[in-house]
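What TrEMBL says about this protein:
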type	residues	note
DOMAIN	C:5-274	domain 'YjeF C-terminal'
BINDING	C:Ala40, C:Gly102, C:His153, C:Asp217	(6S)-NADPHX binding site
BINDING	C:Lys188, C:Lys189, C:His190, C:His191, C:Thr192, C:Gly216	AMP binding site
4 protein chains.
Amino acid sequence: MQVITTEMVQKVIVKRPANSHKGQFGRVLIIGGNQQYGGAAMMSAEAAVNAGAGLVTVMTDQINLTSLHARLPEAMFVDYQAPTNQLAQTIRNADVIVIGPGLGLTAHALMLLQLTFKTVTATQTLLVDGSALTLVAKHHLPLPNTQLILTPHQMEWSRLSQLPIAHQTISANQQSLAQLGQPILVLKKHHTEIYHDQAVYQLTIGTPALATGGSGDTLTGIIAAFCGQFQTSIATVNAAVYTHSAISDQLAQTQYVTLPTQIIQALPAFMAKLSQS
Amino acid sequence: MQVITTEMVQKVIVKRPANSHKGQFGRVLIIGGNQQYGGAAMMSAEAAVNAGAGLVTVMTDQINLTSLHARLPEAMFVDYQAPTNQLAQTIRNADVIVIGPGLGLTAHALMLLQLTFKTVTATQTLLVDGSALTLVAKHHLPLPNTQLILTPHQMEWSRLSQLPIAHQTISANQQSLAQLGQPILVLKKHHTEIYHDQAVYQLTIGTPALATGGSGDTLTGIIAAFCGQFQTSIATVNAAVYTHSAISDQLAQTQYVTLPTQIIQALPAFMAKLSQS
Amino acid sequence: MQVITTEMVQKVIVKRPANSHKGQFGRVLIIGGNQQYGGAAMMSAEAAVNAGAGLVTVMTDQINLTSLHARLPEAMFVDYQAPTNQLAQTIRNADVIVIGPGLGLTAHALMLLQLTFKTVTATQTLLVDGSALTLVAKHHLPLPNTQLILTPHQMEWSRLSQLPIAHQTISANQQSLAQLGQPILVLKKHHTEIYHDQAVYQLTIGTPALATGGSGDTLTGIIAAFCGQFQTSIATVNAAVYTHSAISDQLAQTQYVTLPTQIIQALPAFMAKLSQS
Amino acid sequence: MQVITTEMVQKVIVKRPANSHKGQFGRVLIIGGNQQYGGAAMMSAEAAVNAGAGLVTVMTDQINLTSLHARLPEAMFVDYQAPTNQLAQTIRNADVIVIGPGLGLTAHALMLLQLTFKTVTATQTLLVDGSALTLVAKHHLPLPNTQLILTPHQMEWSRLSQLPIAHQTISANQQSLAQLGQPILVLKKHHTEIYHDQAVYQLTIGTPALATGGSGDTLTGIIAAFCGQFQTSIATVNAAVYTHSAISDQLAQTQYVTLPTQIIQALPAFMAKLSQS
């Protein structure tokens, strides 16, 4: 198990080519946000925009449209109650899809997850988070053939892998991932672990100032934006996970808690510093 | 009567353990915010999030959902017109409940208060504020058996205790509290007094820059977050009351008024400073 | 005609007494904001809150509730389509009323204006601005017996006074004001003039950076907050008019335009500086 | 082809005359923003307000009203589903009209575009952007006789001019513009080119930090505000295009991406610096 270092992250967050346009930096789609948990999808989208995604669309309940735009006019909106063929078209248009933040566990949430699994192709990246992971476990959904990233807490991973938390050893986790088709796994815990094939990385930075609602949603947006810009790989996911905690660590020098919206605002400056050094 | 000191507060706002998660820092539920006074519930929730509560949910009128999320995506939402069993489940899930900010005096407000009183248990903390206090007095509601905090102005205390303001002496207040089952009392006035059993504390800091609408709502959120993180006790309530005024005092060095939203934003830095010194 | 000086303003913006509460700093009511011009009422309310008003309520179209609270949770809301007796009660509860910002010229706007004129008493302060002034002129409404402040542009004053702009001399203006019952007049122009009885003051500060939509709405909120805190008088109105322009002048040292929302944010610090020197 | 220099821009962004009012700085109307892309119209409007436009109105879907005002109370609103004669009246009242940001390609979008083309006169300035350009190309709409500015990407210009990107030489572009009635052309690409009659200018500043959704929408607001204040001409358009990229360059010294909302906030200070040097 290797520790993620600043040097590794600097190799990922490279300077942009002078002649480039937003289309090259990823079309990110966030699917989530029911009436109760709409903020989760917003934080994911705000993180994606601030982490440099070229274009960000949020597929969510219509009730979240106004608060989304009041916070983030940069995002585009798709009503997640729209006809299925429109939803599928939106999914096909994305380079990176996040499903889960604030999605909930209703029949409609399940339909959206199944539609996403049916629609994504091997050239797209799909991040499955939060309630979407719970739905996968509960309904025994087979995972799709795509560049897949899973971001469970230990309890969520337990439901997916059937491994009780005490049994979540590196080798047991790797065996489970092989059975799941080798997705990238971000196993969120005190020292988060990132798995892909034989590689295992560990995050050793981060403070309890990050222990607040919305931190996980924010992380999904950063991972998505990084995959949209820097190619999907364990190195890119490592960089995103590290960036999220490193910003919190910086803020925590002067703050007791580091809120999602504060971490989001600090993304452009943090990324500049790493890409320039 | 003892004066609350910085040293007392520093003993409450301790550093977080390295290995911790949001579940340990309190599930706070704010019940309030009708159509006219929705901002009160938002200020309470924003204060709770910024004061470090692990998870914050707002049970309020549906009309307040969008403005809540436009300000605070970190909060979760429950429609206070939802079926009673759902509301009760939400109440049961909370560690700390605030009822009152912007709740109003309608039959629905009364129903929510009675439901809360019926549902809370001895292991939960319940803060009763504002119009909820008026409803208690008006309808002679017996107070529930829980860790109870009351935050009346002198007039509101007068209605609850039947003590005219001129008769609100320490011993008279203590007698009333004994009859009410020994809740913690935050008696808001020029030099706010905090009571529990035989203990009485006084706040001697604070300036008239705090005399503006929403200050009381903000205080409820800070108390709730502190109880969620540091255990419910008079020391914790003292720390919250002190923090609220100390931040205002700092801001008042350069501001004629110190608005709730400004105090809220200053919470993470103030708490860091106290926990580190 | 006397020039308004910093010294005059310092005599108005005095330190608050240590033992005071929000009720002493004025209950301000803003009446305005239809669907098209809702932002005007919000800017007036934001200015009032930031200028120190104790409590601020906005009586406006229901459609403006969410954006109002997304910006300013400190404000309370009343639907201006509510039953007349409720509207009248809200008007009676206020110490200072502003009518006009974004009110428009519909029959409902006229009804609200007439209701306000009928309801206010001699102990209240009423500021009439914008479209409310146009309605007064158009419908020849007699002005109510209250502490009245009018804030017209030259064209609006022309409609009210029947004086063409070229004829708006000091003595002609004073004659017109005598016929209107001696309201305080804020005649907005390059060097704004303030009239009351025999007194005439002139504002000689201010830059064209202030020439942007919403400046007038912002001014109404500052005047209202000052009257709520410092007693209604020409000295208080002078102080408000001066504060508005002085903040813009400060900001204009580094900004090409000074937006209403920027001036509003600078109010607490500006007032502190004046009250402390 | 001439390079746009700071000196050229300083000749445009002149100090405002001391005795001036908002009416002199342009009535800007933004037409755009359907349910999916409402943020685009908001960013255009925010840019116009911050770049000094005297008055800004947004004609958009009713669903965007609340988020618009939550962000920008300075803007006025017109429902783009209002009766045609009201829409036409709003168009006639504007000095500068922007049509396109987030407008979409529906029949209603086409109706609004045709109404605008029919209504504008030779004394008004009309900027056609984004989906409005696509509609012009698709429906072969003749361009109106007005002070016209087109802001296509290379692909959009290809559709309008029938010139494949590889054939978009200066002389070919000039020929196409002659056939289109000599509008000002802002051809957005790596080094953006601006055309009018025989003049061709090139922007040589700007970094890939600007390659993010909403940059184009923001640019339309800046151009509109500048035309409203400084007269419509290629020099004014050059100054707007330069200002947009120069602010991004400044921000990019410390930021990996420069978001529209950040560029917008920096406008007043940037314009002050240029007008004072």
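Glycine is treated like the rest: Cβ placed from N, Cα and C.
No curator has checked TrEMBL annotations; they are predicted automatically.
Across the structure, C:Lys188 (AMP binding site) and C:His153 ((6S)-NADPHX binding site) are spaced 5 Å apart at their Cα atoms.
Farthest C-alpha pair in the (6S)-NADPHX-binding residues C:Ala40, C:Gly102, C:His153, C:Asp217: 16 Å apart. The Cβ neighbour count for C:Gly102 ((6S)-NADPHX binding site), using a 10 Å radius and every protein chain shown, is 30.
In terms of C-alpha distance, the listed binding-site residues C:Ala40, C:Gly102, C:His153, C:Asp217 place C:His153 closest to C:Lys189 (AMP binding site). The maximum pairwise C-alpha distance among C:Lys188, C:Lys189, C:His190, C:His191, C:Thr192, C:Gly216, the residues recorded as binding AMP, is 14 Å. Of all the binding-site residues listed (C:His153, C:Lys188), C:Lys188 sits in the most crowded Cβ setting, with the most other Cβ atoms within 10 Å. Using CA atoms as reference points, the binding-site residues C:Ala40, C:Gly102, C:His153, C:Asp217 were checked against C:Thr192 (AMP binding site), and the closest is C:His153. In this view, C:Asp217 ((6S)-NADPHX binding site) is surrounded by 31 other Cβ atoms within 10 Å of its Cβ, with every protein chain counted. A straight line from the CA of C:Asp217 ((6S)-NADPHX binding site) to the CA of C:His190 (AMP binding site) spans 17 Å. It is 23 Å from the Cα atom of C:Gly102 ((6S)-NADPHX binding site) to that of C:His190 (AMP binding site). Within 10 Å of C:Ala40 ((6S)-NADPHX binding site), judged by CA to CA distance, lie the following binding-site residues from the set C:His190, C:His191, C:Gly216: C:Gly216. Calculated from their C-alpha atoms, the gap between C:His153 ((6S)-NADPHX binding site) and C:His190 (AMP binding site) amounts to 10 Å. For the recorded AMP site, residues C:Lys188, C:Lys189, C:His190, C:His191, C:Thr192, C:Gly216 set the reference point as the centre of their Cβ atoms, and the other residues of that chain within 8 Å of it by Cβ are C:His153, C:Gln154, C:Leu187, C:Glu193, C:Leu203, C:Gly206. Listed in chain order, the extra residues whose Cβ falls within 8 Å of the Cβ center of the (6S)-NADPHX site residues C:Ala40, C:Gly102, C:His153, C:Asp217 are C:Gly32, C:Tyr37, C:Met43, C:Ser44, C:Gly100, C:Pro101, C:Asp129, C:Gly130, C:Ser131, C:Gly214, C:Gly216, C:Thr220. Listed binding-site residues (C:Lys188, C:His191, C:Thr192, C:Gly216) with a CB under 8 Å from any chain D CB: none.
Counting every protein chain shown, the Cβ of C:His191 (AMP binding site) has 14 other Cβ atoms within 10 Å.
Model confidence over the domain 'YjeF C-terminal' (C:5-274) is summarised by a mean pLDDT of 97. C:Ala40 ((6S)-NADPHX binding site) is surrounded by 33 other CB atoms, counting those within 10 A of its CB over all protein chains shown.
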